[in-house]
């Protein structure tokens, strides 16, 4: 039986109470999920930027943002407003069309990837059944935008940054996909909902991180490289390339890169939470909660409670990983480009391939533990 709150059904029933037909209620509902995704992504970025600035300040024995709101919580909003009102400059010798299209091509696939992120049994924008395949396909578009931005800027530093970004993304996309395929192999499904449901039954012991520790490590390393986080921020290494492919950008175009980078980091953390850490699952079974409250399992209060707990659990697990990513920024040195490519092609790719083959063997030998 499926537990949790079905937002679409509840919203349609609410509108029907005002005399609207099912078709009109469905049409009104259609744009709302994407609006919710945009709001959630932007709020997530604001929280992450504030956390990074405060944690970075603590690592350097500084105070960090302090004056814009309590504890500086409004500083990310102030930064966004500053970029919003800055002049949008296009270099005289740049390719204007590609220069403008580059940031859009970087941001849009990342936002669309949020469509497959579930926060509960029914709290999913689009359960297409091939969510993992859709995410891998969308993530392969981003390097085109990065390379396009570097080329269109007509700047040697931008071009080098774009080439580095494309090489880095391609190098780490393959082991990333292979580590996810091991999860798909155990689940027999490309649906993120099925992957989370497969991790239920024994609480924390059901999580895929215990059956896929190598895949978890490979996925997280590759995700950090895809997000261009230290120690993998070579495309925009300030000491070498000024700001890489972002060098000639200003105003909102620069903000789109900034936004895309942080949305991608949060998305990667959410996917790790879903694929390896049980997603919205929490230790106490829903049946026990309903029995304790003396309510039926499908009571509205139980549905709201399980939906709320599911969202909180998913986000908490994701932000634990974001916290680790921020700490890595101040505890690891930047690698060289040859070291980065060697790590991707000579180590992570063979390890992810071996992990996939071992998973297939374990599935045949122990189907009760590794999927049937």
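Cβ coordinates are placed from backbone N, Cα and C, and glycine is handled just like the others.
Your range for transmembrane segment, going by Swiss-Prot and the list 287-307, 308-328, is 308-328. Per Swiss-Prot, the listed range annotated as transmembrane segment is 176-196 (candidates: 155-175, 176-196).
By the Cβ criterion (under 8 Å, sequence separation of 6 or more), the transmembrane segment (347-367) is in contact with the transmembrane segment (176-196), since 3+ such pairs are found.
Between the transmembrane segment (97-117) and the transmembrane segment (266-286) there are at least 3 Cβ pairs closer than 8 Å, counting only pairs 6 or more residues apart in sequence, which means the two stretches are in contact. Sequence-distant contacts of the transmembrane segment (176-196) (same chain, six or more residues past either end, CB-CB distance under 8 Å): 116-118, 121, 124, 127-133, 136, 208, 211-212, 215-216, 218-219, 222-223, 226, 274-276, 278-281, 349, 352-353, 355-356, 359-360, 363, 370-372.
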